[in-house]
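The next block holds one structure in the form of structure tokens; read it before the comments.
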Amino acid sequence: MSRVLVVNSGSSSLKYQLIELDGEQVLASGLVERIGEGGGSSVGDGLESPPIDARHTRDSKPSPTDSTVASVADDFRNSVPDHEAAFQVMLTGLQEQGIDLDEPLAAVGHRVVHGGARFLEPTVVTDEVKREIDELSVLAPLHNPPNLAGIVAAEATFPGVPQVAVFDTAFHRTLPPVARTYAIDADLAERYGIRRFGFHGISFEYVSGEAARFLGRSLADLKLIVFHLGNGASVTAVDGGRSVETSMGLTPLEGLMMGTRGGDIDPGVLLHLQREGGLTADAVDTLLNHGSGLLGLGGFGDIRDVQKAAAAGDAHAALAFEVYQHRIRGYVGSYLAQLGRADAIVFTAGVGENNASVRAGSLAGLEGLGIRIDAALNESESRAARAISSDDSAIAVLVIPTNEELEIARQALAVVTGP
Ligand SMILES: Nc1ncnc2c1ncn2[C@@H]1O[C@H](COP(=O)(O)OP(=O)(O)O)[C@@H](O)[C@H]1O
Ligand SMILES: CC(=O)OP(=O)(O)O
Ligand SMILES: [Mg+2]
């Protein structure tokens, strides 16, 4: 028996796949979107079709007149998704795709974003594991609560089936001390567990393997810079299959600019907002997680909407689009220096796979570093893993579709079947 249900219960969507790992066949899949906001669901090829318009976001940012701290916070709280309802929609979706829910499952695999220092491997869920995932919610408030809700719902629906948590942080267990250390007081860091963890590890692991396969080379010999550009976005330097540097840190707030998160910021800005703006710590949290990034600066959380607004002459949207690419370009340079060289730069996830302008814009002007994009290849509508660099590019540039669900299914099955 090697049938695994994968539940990726996210902050505003639930993605699922039922996978038969003998032959790696997807038996059913779907996406339940805009949970709790009257949103619908899609089944079947849902993961291939364009997903949600404004995930993690409202349709547009609050106007300055209603942006008192309290009203901004309340506004976002009103859109807290109902994950239990989403789980029920998923079950209906599975049945509509002809799945008999009584057929035995080897495991249910769950994406869990923050595994802290404790969870370095995929882990069979126990009450203690759930407690620890819950405790880590303070470091991933957008993610761990819905991840846990998915686990609890699956336990109730599939009693006796092992629930396996697969952690986004685990791939980054190889980060060397120099890359996981913040330059703050060492005793304080120790006492409060302050260090860099990194996220999107499930995707980075899958995509690195696929990039090696595409290049026909051993992963052990490759130096890769992998950009996961989804709603959340991060980049990892992968050396011989190991994460050696990554842009997210203690929480998924650090690094690149994202849909509703701003990424790297001078910590002095937060102090200034608290002292001069009168914002509470919770209001700053809301602002950083829900009201920054493309949404905060450009007015829309989905980069396609930002591009449309920019094309229509909106200066803030145009600037947001530029800043997004400027950050990516900066990390290319930084990680090239950290790795010493790179065999390939890889783009993945919603924006990375689908947005040719972001790829071209971010890498424009980097010919001196040996990076040249072929415009026609870059603009191709192909969904397959592919190269988009020109023949004379010293560093290959690849687009590799991610498949977090397949990676989770593989890891979950490996845990329950043992070595
Ligand atoms: N088919 C598509 N064409 C263009 N952009 C897309 C497409 N699909 C997704 N995106 C972009 O990807 C973003 C979401 O990425 P995704 O990886 O699905 O996010 P997440 O899994 O983090 O929710 C959207 O904001 C959108 O801009
Ligand atoms: C860790 C993270 O940011 O995940 P997502 O992209 O799913 O929001
Ligand atoms: Mg994602």
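Cβ atoms are placed via backbone N, Cα and C, with glycine included.
No curator has checked TrEMBL annotations; they are predicted automatically.
Taken straight from TrEMBL:
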type	residues	note
BINDING	N8, E404	Mg(2+) binding site
BINDING	K15, H228, L229, G230, N231, G232, D302, I303, R304, G350, V351, G352, E353, N354	ATP binding site
BINDING	R111	substrate binding site
ACT_SITE	D168	active site, proton donor/acceptor
SITE	H200	site 'Transition state stabilizer'
SITE	R261	site 'Transition state stabilizer'
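All features noted in TrEMBL, drawn onto the structure.
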{"residue": "N8", "record": "Mg(2+) binding site", "DSSP class": "strand"}
{"residue": "R111", "record": "substrate binding site", "DSSP class": "strand"}
{"residue": "H200", "record": "site 'Transition state stabilizer'", "DSSP class": "coil"}
{"residue": "N231", "record": "ATP binding site", "DSSP class": "coil"}
{"residue": "R261", "record": "site 'Transition state stabilizer'", "DSSP class": "coil"}
{"residue": "D302", "record": "ATP binding site", "DSSP class": "coil"}
{"residue": "V351", "record": "ATP binding site", "DSSP class": "helix"}
{"residue": "E404", "record": "Mg(2+) binding site", "DSSP class": "helix"}
Let me check the 10 A CB neighbour count of V351 (ATP binding site). How many other CB atoms are there?
25
Least buried of the binding-site residues N8, N231, going by other Cβ atoms within 10 Å?
N8
Neighbour tally for D302 (ATP binding site), based on other Cβ positions within 10 Å of its Cβ
23
Candidates K15, R111, H200, R304: member of the recorded positions with the richest Cβ shell (10 Å)
H200
Under 8 Å Cβ-Cβ from E353 (ATP binding site), six or more apart in the same chain: what's there?
F347, R383, V399, P401, T402
Go through the binding-site residues N231, R304, E404 and pull out the ones with a Cβ less than 6 angstroms from some atom of ligand 2.
N231
Checking the recorded positions N8, K15, L229, R261, D302 against D168 (active site, proton donor/acceptor) with a 10 Å Cα-Cα cut-off, in sequence order, leaves none
For E404 (Mg(2+) binding site), the one of H200, L229, N231, R261, R304 that lies nearest, given that the recorded positions are compared by Cα:
H200
Binding-site residues near R261 (site 'Transition state stabilizer'): from K15, R111, L229, N231, D302, R304, Cα within 10 Å gives N231
Tell me the Cα distance separating R304 (ATP binding site) from N8 (Mg(2+) binding site), rounded to the nearest angstrom.
24
Under 8 Å by Cβ from L229 (ATP binding site), counting only residues of that chain that are 6 or more apart
L256, I328, F347, T348, A349, G350, V351, G352, N355, V358
